[in-house]
Amino acid sequence: LPGGHARDKFGSCQHGSLTSLPSGVGNLRCLTHLDLSFNSLSTLPSCILHLPSLRMLLVSHNSLVALPEDFGSLSKLTFFSAMKNQLKDLPQSMGELAVLQVLDLSENALEFLPEEVGNLHNCTELDLSGNRLSSIPDSLANLKSLQRLHLHSNLLVTVPASLASLPSLSRLDLQNNCLRAVPPEIQASPFVHLRGNPLGETEPSPQAGESSARGLQRLFLASGEDSFTVTSEGCKVILACGIHFYFPPGAASDPLRIYFRTLAPDPQWVKLRHHDVLLSRVLELQPHGVKFQQEVQIRMPYASPQTLHQREVVVRTFSGQSWSDLRTRVEQRRKSKKHLAHCSVLHFSWFLVVSRLVQNERKVPAEGTLLFSTVDPNIKVTFPPGVTEETRSVKMQVLPVSAEEIEEITADAGCRASPLLCLSQDSLVDFLRPVRIQLPLPPGVTGLNLDRSRLHLLRGDLEGQTWDDITSQVVLEFTHLYAVFEVTHFSWYWLWYTTKTYIGGIAKKVYERLRMYQVNFIALQRKKDPEQVLLQCVPKHKVDPVLKKLQDRYRGPEPSDMVEMFEGEQFFAAFERGISIDMDRPDCVDGRLSFIFYSHLKNMKEIYVTSPVDRKGQAVKGQVSFYRGAVPKSIPEDASRRRKGPDSLWLATLPIKLPRLKPRWGENLGHLNGFSFPPLNLGNAETGYLTQANLLGIARRIGADWQTVGLNLGLTYQQIERIGYNNREDLDKQILDMLFSWAQQNSENPDCVSKLITAMKESGRQDIADEVETIVELGRQKYRESIRRVGLEQESSTEDSAIAMM
């Protein structure tokens with residue numbers, strides 16, 4: 001009997017006029033679900049306390065100031081929501097609700113809680129946010145089944161340390177309170193949210209070598225370092241890329257060497273689920289499989305997703321065979337504006353950060369329960385008693401779809417669709433009794449104007465490949481706002497309202513488009529050196545900001561026409577019509593540069609192009625064309641079919657013009673013998689080295705930035721000026737003299753390669769830095785493989801799994 005069907009001029013729900021219930025309602029002895037939300041109740045009708053079978057009671061958005069003293073007589077109540085009322089206290093009998101699983105008392109005026117709340121031993125979710133609580137009773141530590149505790153937006157000045165020991169707790173939200181100190185046990189927990197409290201930064205930026213307040217050693221690793229040692233005393237480690245580790249005392253019983261590296265995500269083994277968005281590179285931590293004595297905390301920076309209200313950020317880890325999501329909390333640093341994802345682990349492997357559709361999860365016991373979506377609370381799934389013999393876990397995800405999106409994709413203003421509902425479970429056995437699902441009717445459709453012949457209920461497989469119309473196979477019931485039906489197994493469910501007949505094909509097309517991104521390609525040349533070309537694939541809404549950022553240093557044609565790509569899809573860039581690149585690049589496949597499109601990562605490469613054409617007398621008018629890679633296995637069949645044929649892989653072509661120049665590298669590389677430098681290698685085989693041929697390749701790409709690079713390598717201004725004067729009017733010799741002079745002076749330094757990488761990054765040449773890192777890593781791999789072949793290195797399952805991943 002909810003109100004709220006009408007809305008005011010601001011779009012807010014207007015309350016219904018219901019102020020009481022007739023006493024006869026108390027005779028409904030079989031009534032299990034009662035919804036009185038969005039009405040005008042100031043007291044709870046006494047007849048409700050006479051409903052012996054009542055399991056779910058919703059009285060949110062009313063004007064209740066108190067609950068009856070004998071409220072605990074509702075002995076079968078499993079779900080109670082009284083959010084957005086004016087409750088100032090709770091009856092002691094609240095603790096008698098022995099089977100209560102979900103209690104929502106958010107946005108009231110509660111100033112204290114009775115100790116008896118700690119008797120709700122079956123409670124899995126307790127929401128007390130938005131009240132006036134200054135403290136909470138220690139008895140909450142008795143709620144051993146509690147998974148989510150929401151206490152944000154109160155007046156809390158302290159919280160019991162015992163909350164950290166709740167065995168099932170996965171989320172403790174303490175944001176926006178008055179906490180000036182938090183027990184260490186709670187602050188160290190990965191599932192605790194503390195933003196908005198007067199605690200200051202959770203980890204103030206320390207000076208190098210400074211110890212933490214708890215006496216733990218802090219390690220700050222420079223770019224190029226790839227390992228550190230952890231002892232039984234514990235430590236905090238901060239990598240140059242912004243990743244943080246916290247090893248508590250006792251996590252490692254003996255000194256342990258930790259190796260780390262970040263990898264570009266490879267779709268061959270980084271398997272994203274539908275509607276996932278990748279937000280970080282892959283972090284690999286070794287040794288794999290070693291179990292720590294205590295959980296190690298990891299904080300990974302990630303690219304902030306555009307929309308958060310329908311999505312959540314999680315850290316995902318790879319076991320060697322499959323990916324799984326970790327309990328994650330997120331933080332935004334107030335000063336640096338960086339976003340960090342926190343997780344805790346006992347084993348090291350591979351980790352990355354993704355954004356996924358919000359996932360609501362619940363344990364379903366034999367007694368049944370209620371699951372509703374936090375994205376759209378109008379979507380509910382009711383599990384009746386006897387629905388299962390053994391407790392099973394169910395998950396719900398909802399993808400809202402606007403009427404504008406449906407109209408744009410279908411080109412039919414009459415098409416409407418409800419939010420897309422995905423249900424899954426951890427059991428292969430169907431439910432023993434039908435599960436009741438409530439979906440909101442599509443926008444603009446109500447029970448008053450509903451034409452049942454136009455309404456279609458679709459069920460899709462979990463890959464979204466097929467959509468079957470099951471309208472005739474279920475019993476659809478309708479209210480003013482909702483459609484209700486029953487099922488015994490889970491999948492995707494979608495409610496459509498249209499005059500079209502083959503609705504399954506239309507839904508398939510819409511579902512495919514909802515997973516795709518509209519992108520543009522850009523190809524820009526450096527103003528100082530046109531042979532340096534920047535290629536990037538940019539989501540449509542980011543094109544203008546990216547171009548504005550680059551316009552001072554680059555010039556080039558307008559972006560390509562818009563094309564559509566899937567998250568994690570491979571594409572290639574091919575240089576044509578008299579332009580070529582170094583075919584020895586690690587990312588070069590059959591003469592084309594390989595890219596992987598990830599909407600929130602930089603799909604960018606800066607490369608040095610050349611031309612076999614004699615440019616003494618004329619400029620070269622070439623082009624770069626973009627092509628799709630192999631058709632991803634996960635895309636729908638219709639999309640795959642459209643991508644077959646001679647021109648199906650072509651995406652876009654952009655012009656590149658190399659101006660007429662005097663001969664450069666083709667002649668001047670021969671002058672290398674004029675320098676007095678003998679052949680040299682930088683680094684060593686074990687850590688990875690650069691050969692003289694590698695250095696020549698690097699020199700070809702430096703161009704007009706050579707002075708900046710030289711200064712960042714440590715050469716003095718006087719040395720730079722002397723090199724410029726000795727090789728005046730010959731840029732190639734200036735670059736060679738600078739680079740090989742530095743290399744000769746540092747050839748015995750074991751850190752010279754990492755210093756070169758750092759200098760390139762500091763000089764704004766991330767393209768060269770990335771290439772050097774790739775060359776060095778390939779050298780390390782070859783060295784390890786050669787050592788292993790001759791039996792000089794002990795085999796271990798840990799290293800085997802690492803090699804298998806590569």
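Don't overthink the numbers, they just go from 1 along the chain as shown.
Any Cβ shown, glycine's included, is placed from N, Cα and C.
Database features, via TrEMBL:
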type: DOMAIN; residues: 224-357; note: domain 'ZU5'
type: ACT_SITE; residues: His347; note: active site
type: ACT_SITE; residues: Ser349; note: active site
type: DOMAIN; residues: 358-499; note: domain 'ZU5'
type: ACT_SITE; residues: His489; note: active site
type: ACT_SITE; residues: Ser491; note: active site
type: DOMAIN; residues: 691-776; note: domain 'Death'
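Of all the active-site residues listed (Ser349, Ser491), Ser491 has the fewest other CB atoms within 10 A of its CB. Taking all protein chains in view, 14 other C-beta atoms sit within 10 angstroms of the C-beta of His347 (active site). Mean model confidence for the domain 'ZU5' (358-499) is a pLDDT of 90.
Residue environment of His489 (active site) contains 13 other Cβ atoms, counted within 10 Å of its Cβ in all protein chains. Put simply, His347 (active site) is 33 Å from Ser491 (active site) when counted between their Cα atoms. Distance from the CA of His347 (active site) to the CA of His489 (active site) is 35 Å. In the domain 'ZU5' (224-357), helix, strand and coil residues by DSSP number 0 helix, 64 strand, 70 coil. Secondary structure counts, DSSP: the domain 'ZU5' (358-499) has 14 helix, 59 strand, 69 coil.
In terms of DSSP secondary structure, the domain 'Death' (691-776) contains 70 helix, 0 strand, 16 coil.
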